[in-house]
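*Asks:* Just dropping this structure here.
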Amino acid sequence: MEARRYDNKGESKCVIGEEITVDWRGKPSNPNKHGGMRAAAFVLGLQAFEIMAIAAVGNNLITYVINEMHFPLSKAANTVTNFVGTIFILALLGGYLSDSYLGCFWTMLIFGFVELSGFILLSVQAHLPQLKPPQCNMLTDGENCVEAKGVKSLIFFVALYLVALGSGCVKPNMIAHGGDQFNQSNPKQSKKLSTYFNAAYFAFSMGELFALTLLVWIQTHSGMDVGFGVSAAVMAMGLISLVSGNLYYRNKPPQGSIFTPIAQVFVAAILKRKQTCPSNPQMLHGSQNSVLDNGIVAPSADSGSLAHTQRFRFLDKACIKIEDGTNIKESPWRLCSVTQVEQVKILISAIPIFACTIVFNTILAQLQTFSVQQGGAMDTQLAKSFHIPPASLQSIPYIILIILVPLYDTFFVPLARKITGHESGISPLQRIGAGLFFATFSMVSAAIMEKKRRDAAVDSNKILSIFWITPQFLIFGLSEMLTAVGLIEFFYKQSLKGMQAFLTAITYCSYSFGFYLSSLLVSLVNKITSSSSSNQGWLSDNDLNKDRLDLFYWMLAVLSFLNFLSYLFWARWHSYSPISLLTTTQQETLGDDHLNNYGFINSSKHGVDESMP
């Protein structure tokens, strides 16, 4: 519920729950002028242009470091994977700086220019011969090629990691700042928030598709210097889009270090580990709650507090006030409020949901590596003079997303909303679960097609058309639309005030961990399957006709299904809420707005928002 409060200077501030929103001048935001889909559209522009710029560099980077910088294959591969991994890890830094000190807009603007400077430096180096080693064909004369070292190597890595630093810090804030334009306590705006998340992934897919087709084609035919220059120009367009919407944004000011309150809870709980929690939760410090007939603690309507829960009871010791007969005020590192502790509980309970998406991104890694190699062993001819580049197969999921996302939001969500009463049609947890379920069948399809391709090549000396492996990309496109968007929406809607950018950044870490797990699985599978002298590893040979990629895909399918079963358990565990123990009369007494704002439910009119089927 939106309210108007006054500070000690008599100035009013627009408060959403316990959060303040201001316009570009720092004055209270006006719901009629600021926020909404109009403001979010400018952020979507930045998202489309930024992903277009970074994806064009990332997808063709290995070609540049081999052909222009003359790095050996192993070093080139590590350069690319380290670059991608660094981007996703640095998303945590961007989320932290935004929520704690800078705010979303200024974080995007500052680090957007950092990313732009990296693109420009890459373009300059690719254009000037004196900043690169002498030209040499690595395929025909690789041994005599001079590898870039010293100042030339330094310039390259400085440029590359300026791009990584900028992109990593910009990414989570694009989603969070767009989401901040919608007031979740307003039912109409809350419905639009779900539409925004779908639109954000549509913009992401459009950017990826243009990067994998048009920009990569420019790099290939006009040179990497022109390609990097185009990425710089595209990024500049994204920053122009961001700045153009400044007059319409609702901005959430930074709240100070977001880690300090979390650390205080753990420190206080450890220091008071020998204390005994009172049987009555009202005795806990900072509790302004009322106890209902069945013993459930409900937050008071004016406190802005979260409901006390029985989960992770050891943390409640941080709220125990020591009664020693004096009125000495305890340090925040020894005494915390119930709301502070409950927010830490929410953060801990979301970790298993995040962990269950790592295997999903491990499957994504296969589609970007082995499936491309799989396509390279097939007939890529489409016409007499045109062959499909195997790497272009990666664009299939994004083509599917561009088609499915509008259909999902236009037809499925309204229909599901009538059945479930949920503003998003189905809850974010249900959406993630459906995506993880479909991801399993992507690997099943990949395994079946690889077995068919291998048998045809080995037994009949036939080469199948590359179109045979498109189903695995199509299925994964559907899976990604459900899982990726659901995960972002789930984390953004957690009741952790002032941490939306950081929580969004956590979702990007799933990509890093998924790719790291992929590398680990490949090494372990090769080691285990080649343990005997008579056997070669499933993936030990560069020839897919000798490898057993189909068995590796079947292993991933089983792993994915087990991960889905694990997710069902953790989703049901997370779905538990004290609201499920309230009677209908008690729910009506508290009111939907009361329950929605203070942690019992998120938005559903018919029960817990995150329930699983």
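Every residue gets a Cβ built from N, Cα and C, even glycine.
These came from TrEMBL, pasted as-is:
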- 39-59: transmembrane segment (TRANSMEM)
- 79-97: transmembrane segment (TRANSMEM)
- 104-124: transmembrane segment (TRANSMEM)
- 154-175: transmembrane segment (TRANSMEM)
- 196-218: transmembrane segment (TRANSMEM)
- 230-249: transmembrane segment (TRANSMEM)
- 344-364: transmembrane segment (TRANSMEM)
- 396-416: transmembrane segment (TRANSMEM)
- 428-449: transmembrane segment (TRANSMEM)
- 469-492: transmembrane segment (TRANSMEM)
- 501-525: transmembrane segment (TRANSMEM)
- 551-570: transmembrane segment (TRANSMEM)
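How buried are the listed features, and what sits near them?
*Replies:* Taking Cβ pairs closer than 8 Å, the transmembrane segment (39-59) reaches residues 80, 83-84, 87, 108, 112, 115, 119, 122, 163, 167, 170-171, 174-175, 177-178, 181-182, 196, 199-200, 203-204, 206-208, 210-212, 215-216, 219, 227-228, 230-232, 234-235, 237-239, 241-242, 244-245, 248-250, 391, 394 in its own chain, all 6 or more past its ends.
Counting same-chain residues at least six beyond the ends of the transmembrane segment (154-175), those with a Cβ under 8 angstroms from any Cβ of the stretch are 43, 46-47, 50, 54, 57, 65, 69, 79, 83, 86-91, 93-95, 97-98, 104, 107-108, 111-119, 121-122, 125, 131, 148, 197, 200, 488, 492, 501-502, 504-505, 507-508.
Cβ atoms under 8 Å from those of the transmembrane segment (196-218) belong to residues 37, 40, 44-45, 47-56, 59-60, 174-175, 178-179, 181-182, 226-227, 230-231, 234, 391-392, 394-395, 398-399, 401-402, 405-406, 408-409, 481, 484-485, 488-489, 492 of the same chain, restricted to positions at least 6 beyond its ends.
Sequence-distant neighbours of the transmembrane segment (230-249) (same chain, 6+ residues past either end, Cβ-Cβ under 8 Å): 23-24, 33-36, 38-39, 41-43, 45-50, 52-54, 56-57, 105, 108-109, 112-113, 115-116, 119-120, 122-123, 177, 180-181, 215, 218-219.
If one looks beyond the transmembrane segment (344-364) by at least 6 residues along the same chain, the residues whose Cβ comes under 8 Å of a Cβ in the stretch are 261-262, 265-266, 306, 309, 311-312, 315, 429, 432, 435-436, 439, 442-443, 476, 479-480, 483, 487, 490-491, 494-496, 503, 506-507, 509-511, 513-515, 517-518, 521, 556, 559-560, 563, 566-567, 570-571, 573-574, 599.
With a cut-off of 8 Å between Cβ atoms, the residues of this chain six or more beyond the transmembrane segment (469-492) that come close are 175-176, 179, 194, 197-198, 200-201, 350, 353-354, 357, 360, 363-364, 367, 371, 374-375, 378, 393-394, 396-401, 404-405, 408, 424, 428-432, 434-436, 438-439, 441-443, 445-446, 449-450, 453, 500, 503-504, 506-507, 510, 610.
Taking Cβ pairs closer than 8 Å, the transmembrane segment (551-570) reaches residues 352-353, 355-356, 359-360, 362-363, 366, 370, 432-433, 436-437, 439-441, 443-444, 446-447, 450, 521, 525, 538-539, 612 in its own chain, all 6 or more past its ends.
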*Asks:* What parts of the chain pack near the transmembrane segment (501-525), using Cβ distances under 8 Å and only residues at least 6 beyond its ends?
*Replies:* 81, 84-85, 88-89, 91-92, 94-96, 98-99, 104, 107, 168, 171-173, 175-177, 258, 350, 354, 357-366, 369, 484, 487-488, 491-492, 494, 537-539, 552, 555-556
*Asks:* Rank 104-124, 396-416, 428-449 by Cβ pairs under 8 Å to the transmembrane segment (79-97) and hand me the top one.
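*Replies:* That would be 104-124.
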